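Enquirer: OK, Swiss-Prot features for this one:
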BINDING   Phe45, Arg73, Thr79, Arg90, Asn100  ATP binding site
ACT_SITE  His103  active site, pros-phosphohistidine intermediate
Amino acid sequence: MQCGLVGKIIKRFEQKGFRLVAMKFLPASEEHLKQHYIDLKDRPFFPGLVKYMNSGPVVAMVWEGLNVVKTGRVMLGETNPADSKPGTIRGDFCIQVGRNIIHGSDSVKSAEKEISLRFKPEELVDYKSCAHDWVYE
């Protein structure tokens, strides 16, 4: 959020044909971050991750579309921006692994869990994009 890249990131997902179904701008509490990143709690970088993520607001988004988790991970690039190719979000906008600006779920199961931490089911908007028939068979 602090980098002023929200619009550019949204644009990339929309251009790919994905559909934004929920979005919130909110603070990331330490409690929520510890729950969200619970699988990393024993890693040495965990305290720094929580501190960094707690330093300002975040924009939480839910995207839908064919293979959105898998394709989204490719669009994000590698966790370490130095290993990310140009054209990926991290390859274009990041320089340090601890400040890689964006999180993407690593599986559908993780996505479902992470979505439930931030959104109620009724907050996910179901609609048909006017571009749907141009993107999908």
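Heads up, the Cβ atoms here are built off N, Cα and C, so glycines get one too.
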Enquirer: Tell me the Cα distance separating the residue listed as 'active site, pros-phosphohistidine intermediate' from Arg73 (ATP binding site), rounded to the nearest angstrom.
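Expert: Between the alpha carbons of Arg73 (ATP binding site) and the residue listed as 'active site, pros-phosphohistidine intermediate' there are 9 Å.
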Enquirer: Any idea what the Cα distance is from Thr79 (ATP binding site) over to the residue listed as 'active site, pros-phosphohistidine intermediate', rounded to a whole Å?
Expert: 9
Enquirer: Give the distance between the Cα atoms of Phe45 (ATP binding site) and His103 (active site, pros-phosphohistidine intermediate), rounded to the nearest whole Å.
Expert: 16
Enquirer: For a quick check of packing: other C-beta atoms within 10 Å of the C-beta of Arg90 (ATP binding site), how many?
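Expert: Other Cβ atoms within 10 Å of Arg90 (ATP binding site): 24.
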